[in-house]
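**Student:** Starting off with a structure, shown below.
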Amino acid sequence: MKVMGIQRNCQQWWIWGILGFWMLMICNGMGNLWVTVYYGVPVWKDASPTLFCASDAKAYDTEVHNVWGTFACVPTDPSPQELGLENVTENFNMWKNDMVEQMHQDIISLWDQGLKPCVKLTPLCVTLNCNAIKNNTKVTNNSINSANDEMKNCSFNITTELRDKKRKAYALFYKLDIVPLNNGSTDYRLINCNTSTITQACPKVSLDPIPIHYCAPAGYAILKCRDKTFTGTGPCHNVSTVQCTHGIKPVVSTQLLLNGSIAEGETIIRFENLTNNAKIIIVQLNESVEITCTRPSNNTRESIRIGPGQTFYATGDIIGDIRQAHCNISEEKWNKTLQKVKEKLQKHFPNKTIEFKPSSGGDLEITTHSFNCGGEFFYCNTSNLFNSTKLELFNSSTNLNITLQCRIKQIINMWQGVGRAMYAPPIEGIIMCRSNITGLLLTRDGAKEPHSTKEIFRPEGGDMRDNWRSELYKYKVVEIKPLGVAPTKPKRRVVEREKRAALGALFLGFLGAAGSTMGAASITLTVQARQLLSGIVQQQSNLLKAIEAQQHMLQLTVWGIKQLQTRVLAIERHLRDQQLLGIWGCSGKLICTTAVPWNSSWSNKSQEEIWDNMTWMQWDREISNYTDIIYNLLEVSQNQQDKNEKDLLALDKWENLWNWFNITNWLWYIKIFIMIVGGVIGLRIIFAVLSIVNRVRQGYSPLSFQTLIPHPRGPDRLGGIEEEGGEQGRDRSIRLVNGFLAIFWDDLRSLCLFSYHRLRDLILIAARTVELLGRSSLKGLQRGWETLKYLGSLVQYWGLELKKSAINLLNTTAIVVGEGTDRFIELIQRIWRAFCNIPRRIRQGLEAALQ
């Protein structure tokens, strides 16, 4: 009995050991992590794609052709969407922003294209005989005398329609546009004739700025910093995503920034390096200051033919008083504004005195406030604006204006580059324009003395990039990376669609889950992927309409070319992502498990740390150095899987025996059979011929082909008797050599018999093999069934044992509890009886004592 118990215990331990081993293997397998591909994750990186424009060009004057080419832009969105990104911090750098460079090149190209069809003024590089203008009106205003000095009445010889004929023409030129040939002489020439070519702006080209919205192509996004005190560089904690910027007016000006955006809070000082006096300082005001500029002279314009098909527009006469152009600014508002700027600068230089002074010198465009007003280019002296002495004496109760004396030029040095100039045709009538000063461009003087207590700031400008930078400081373009990889436990399994029910996130933008954890963001993949594709389709439709609108033009504008580029770029981005998904075997899937094991060297963080605490942006930075390695492993894994599937498909042809009887297979069998038979017959013929040739060489001469030779009879038959005329013996005879057909028949018969015997043997072997396999399979099934029954009985036995043990445990517990209860009750009874017997015992004691 003891031996039987030991044997049973050993058997049980063996079974439990196997079960424990398999449980350990399953748990170990479940602990592995595998690479999972996600499409539509909110991840981005800095990028420099080609941007396209949107504008409401139709809302402006259609009679003139604006040089900005906004008629070729897509229409603006009437309800632009701006999506805030919670828990997102992004670094911005306005001084290294590709959007600024791109806008700068676009404006240059637009100016060049706008002036291409216009007239070249090379024929005007002739000697000009100029005299002062005679004013018939008697006035004593100093501004008139100043205006008289500003313009000259010039005569010059010009070519007519016939090149060999010349005639004299008269025109008024500004003094800034001509230079004397000799000192004290009345002979002049145009100022740019010896340095650059001059192109006259087309008369119907408008230079008035129209707001331009820069938009990112599909697959990209524009991030916007909404911090009110953002200085242009560093981290921004209030970030949103937009598809287009706000309307930016391409105002070309120096010293003062006009018609831009104002700061929402306090005045902001933006600089790249304040200690470097060569760097510009951009000031954004929180309140705009109105500046009103006018050219009071009522000018007329006349056209002068300077050659076949060429017309030069010049100032013909000035009707009424000749007064100098000027600008007016409210002294109270300006001084308050300058005082705010001074206070902001004082924070950066706490122990020094801040002073403002006029420009120290340079080109006219830099030393003055240059801008375009109604088609004329004004150059205004800002000495009265930047004057610290007047600022200290300022009385806030005054309502006076600061007047800036302005000069006008018609020959403009093109700010786009050196060696090019533009002639602005004169504008008829009185010119007046109102603008808003929204910012300043300043530079700091270098410290001439080491212990100087003053910091001097002067107005500056000239680099139009700073003008665009003052508006684009809060934007940056990023490329959306919808593909993400992360470790998960499942390995190449398909998640059922019913498990991804409605998520209630249909109103989230593509990057709306950027600040969420990876686990929360992965829920919105369907919405984000759908919005990515719909955004591509919508933008492609808008761009195509804008391109079709330009078909009547012989040459696309800058915007048309950029629209084509962005159209191609968006499609390339989408196709590239889809190609990667296809290479990895994840086409059409938002969450795609793979068979690539996760390497802990890529990231050793746990599942909870990754999915519950990290955003997709943080995770992307975590594994950015290993992304290429993971992508290569995904490709290798998919190639191996494709190879395995190909091998499996090759085996599937033999999966069904009925495929053997397919007509195409039988045709293949017949071809093989015919080749085998033909080969055997050919070999027999060759060997027969070789045998005959060999015998002939040995001297053998065959008998007649019809000679019969007797076939030996059997030993049980007697020979015939000729004399008695008995029956002749029926001896069998064979031919010595058969004919070709007979030989072919014998060979074919032998081959068929050989094939029959071999096939019969093969069928018998196959039948025997199938029989053995059937018996083995039957035995295996029987053993499996017995094993299952044994396992079932084992489970049943242990279930009964556990049931009995539980019953015994309950019985024992009940007995123990019952006995304990009885003993407790008995103890209580004894105590109660003893308590009740106390009087009796006392009485009995007293009785005993009294007796």
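We number each residue from 1, going along the chain as drawn.
Note that Cβ sites are derived from N, Cα and C of the backbone, with glycine treated the same way.
I grabbed these lines from Swiss-Prot:
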{"type": "DISULFID", "residues": "Cys53-Cys73", "note": "disulfide bond"}
{"type": "DISULFID", "residues": "Cys118-Cys202", "note": "disulfide bond"}
{"type": "DISULFID", "residues": "Cys125-Cys193", "note": "disulfide bond"}
{"type": "REGION", "residues": "130-153", "note": "region 'V1'"}
{"type": "DISULFID", "residues": "Cys130-Cys154", "note": "disulfide bond"}
{"type": "REGION", "residues": "154-193", "note": "region 'V2'"}
{"type": "CARBOHYD", "residues": "Asn183", "note": "N-linked glycosylation site"}
{"type": "DISULFID", "residues": "Cys215-Cys244", "note": "disulfide bond"}
{"type": "DISULFID", "residues": "Cys225-Cys236", "note": "disulfide bond"}
{"type": "CARBOHYD", "residues": "Asn273", "note": "N-linked glycosylation site"}
{"type": "CARBOHYD", "residues": "Asn286", "note": "N-linked glycosylation site"}
{"type": "REGION", "residues": "293-326", "note": "region 'V3'"}
{"type": "DISULFID", "residues": "Cys293-Cys327", "note": "disulfide bond"}
{"type": "CARBOHYD", "residues": "Asn328", "note": "N-linked glycosylation site"}
{"type": "CARBOHYD", "residues": "Asn335", "note": "N-linked glycosylation site"}
{"type": "CARBOHYD", "residues": "Asn351", "note": "N-linked glycosylation site"}
{"type": "REGION", "residues": "359-369", "note": "region 'CD4-binding loop'"}
{"type": "DISULFID", "residues": "Cys373-Cys433", "note": "disulfide bond"}
{"type": "REGION", "residues": "380-406", "note": "region 'V4'"}
{"type": "DISULFID", "residues": "Cys380-Cys406", "note": "disulfide bond"}
{"type": "CARBOHYD", "residues": "Asn381", "note": "N-linked glycosylation site"}
{"type": "CARBOHYD", "residues": "Asn395", "note": "N-linked glycosylation site"}
{"type": "REGION", "residues": "449-460", "note": "region 'V5'"}
{"type": "REGION", "residues": "451-460", "note": "region 'V5'"}
{"type": "REGION", "residues": "501-520", "note": "region 'Fusion peptide'"}
{"type": "REGION", "residues": "562-580", "note": "region 'Immunosuppression'"}
{"type": "DISULFID", "residues": "Cys586-Cys592", "note": "disulfide bond"}
{"type": "CARBOHYD", "residues": "Asn599", "note": "N-linked glycosylation site"}
{"type": "CARBOHYD", "residues": "Asn604", "note": "N-linked glycosylation site"}
{"type": "CARBOHYD", "residues": "Asn613", "note": "N-linked glycosylation site"}
{"type": "COILED", "residues": "621-655", "note": "coiled coil"}
{"type": "REGION", "residues": "650-671", "note": "region 'MPER'"}
{"type": "CARBOHYD", "residues": "Asn662", "note": "N-linked glycosylation site"}
{"type": "TOPO_DOM", "residues": "694-851", "note": "topological domain 'Cytoplasmic'"}
{"type": "LIPID", "residues": "Cys752", "note": "S-palmitoyl cysteine"}
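Situate these features within the shown structure.
**Tutor:** For Cys193 (disulfide bond), the same-chain residues lying six or more positions away in sequence with a CB closer than 8 A to its CB are Leu124, Cys125.
Averaged over the region 'V1' (130-153), the predicted model has a pLDDT of 61.
Cβ contacts within 10 Å of Cys130 (disulfide bond), excluding its own Cβ and spanning all protein chains shown: 23. DSSP gives Cys130 (disulfide bond) a strand state.
Below 8 angstroms of C-beta separation, residues 121, 123-131, 133, 302, 304-308, 312, 314-318, 364, 379, 407-411, 413, 421 of the same chain, each at least six residues beyond the ends of the region 'V2' (154-193), sit close to that stretch.
The Cβ of Asn183 (N-linked glycosylation site) lies under 8 Å from no Cβ of any same-chain residue at least six residues away in sequence.
In this structure, Cys244 (disulfide bond) is part of a beta strand by DSSP.
Counting only residues at least six positions away in the same chain, the Cβ atoms of Glu90, Phe92, Cys236, Asn238, Val239, Lys474, Tyr475 sit under 8 Å from the Cβ of Cys225 (disulfide bond).
The Cβ of Asn273 (N-linked glycosylation site) has 10 other Cβ atoms within 10 Å, all protein chains considered. Secondary structure at Asn273 (N-linked glycosylation site), taken from DSSP and collapsed to helix, strand or coil, is coil.
In three-state terms derived from DSSP, Asn286 (N-linked glycosylation site) belongs to an extended strand segment. The Cβ of Asn286 (N-linked glycosylation site) lies under 8 Å from the Cβ of Ile262, Ala263, Glu264, Gly265, Glu266, Thr267, Ile268, Lys340, each of these being in the same chain and 6 or more residues away along the sequence.
Counting residues per DSSP class in helix, strand and coil order gives 0 helix, 26 strand, 8 coil for the region 'V3' (293-326).
The secondary structure of Cys327 (disulfide bond), as reduced to three states from DSSP, is extended strand. In sequence order, Ile291, Thr292, Cys293, Thr294, His369, Phe378, Cys380, Thr403, Leu404, Cys406 constitute the residues six or more apart from Cys327 (disulfide bond) in its chain with CB-CB distances below 8 Å.
A C-beta separation below 8 Å, combined with a sequence spacing of at least six in one chain, links Asn328 (N-linked glycosylation site) to Ile291, Thr292, Cys293, Asn401, Ile402, Thr403, Leu404.
For Asn335 (N-linked glycosylation site), the number of other Cβ atoms no farther than 10 Å from its own Cβ, over all displayed protein chains, is 23.
Under the three-state DSSP scheme, Asn351 (N-linked glycosylation site) falls in the coil class. Remark: Asn351 (N-linked glycosylation site) has Thr453 as non-local neighbours, by Cβ distance under 8 Å and separation of at least 6 in sequence.
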**Student:** Could you count the residues of the region 'CD4-binding loop' (359-369) that DSSP puts in helix, in strand and in coil?
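**Tutor:** DSSP composition of the region 'CD4-binding loop' (359-369): 4 helix, 1 strand, 6 coil.
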**Student:** Any idea what the Cα distance is from Cys154 (disulfide bond) over to Asn335 (N-linked glycosylation site), rounded to a whole Å?
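**Tutor:** Given the Cα positions, Cys154 (disulfide bond) is 43 Å from Asn335 (N-linked glycosylation site).
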**Student:** Taking only the Cα atoms, work out how far Cys215 (disulfide bond) lies from Cys53 (disulfide bond), in Å, as a whole number.
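**Tutor:** Cα-Cα distance, Cys215 (disulfide bond) to Cys53 (disulfide bond): 6 Å.
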**Student:** Do me a favour and check the Cα-Cα span between Asn599 (N-linked glycosylation site) and Cys592 (disulfide bond); whole Å is fine.
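**Tutor:** About 18 Å separate the Cα atoms of these two residues.
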**Student:** Give me the CA-CA distance between Cys202 (disulfide bond) and Cys752 (S-palmitoyl cysteine), in Å, as a whole number.
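**Tutor:** Rounded to the nearest whole number, the Cα-Cα distance is 101 Å.
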**Student:** Determine how many residues of the region 'V5' (449-460) DSSP places in helix, in strand and in coil.
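**Tutor:** Looking at the region 'V5' (449-460) with DSSP, the answer is 0 helix, 6 strand, 6 coil.
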**Student:** Taking residues 6+ outside the region 'V3' (293-326), which of them lie with a CB under 8 Å of any CB in it?
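**Tutor:** Distant Cβ neighbours of the region 'V3' (293-326) are 119-121, 123-124, 133, 135, 137, 139, 141, 143-144, 146-148, 150-151, 158-161, 163, 169, 171-173, 200, 203, 373-374, 376, 378, 380, 403-408, 425-435.
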**Student:** Taking the Cα of Cys53 (disulfide bond) as the centre, which of the recorded positions listed as Cys118, Cys244, Asn335, Cys373, Cys433, Cys592 lie within 10 Å of it?
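**Tutor:** Passing the 10 Å Cα cut: Cys244.
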**Student:** Please give me the CB contact count at 10 A for Cys373 (disulfide bond), counting all chains in the structure.
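**Tutor:** For Cys373 (disulfide bond), the count of other Cβ atoms within 10 Å is 26.
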**Student:** Mind checking which residues reach the coiled coil (621-655)? Cβ under 8 Å, same chain, six or more beyond either end.
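**Tutor:** Residues 35, 37, 485, 580, 583-585, 594-596, 599, 601-603, 605, 614.
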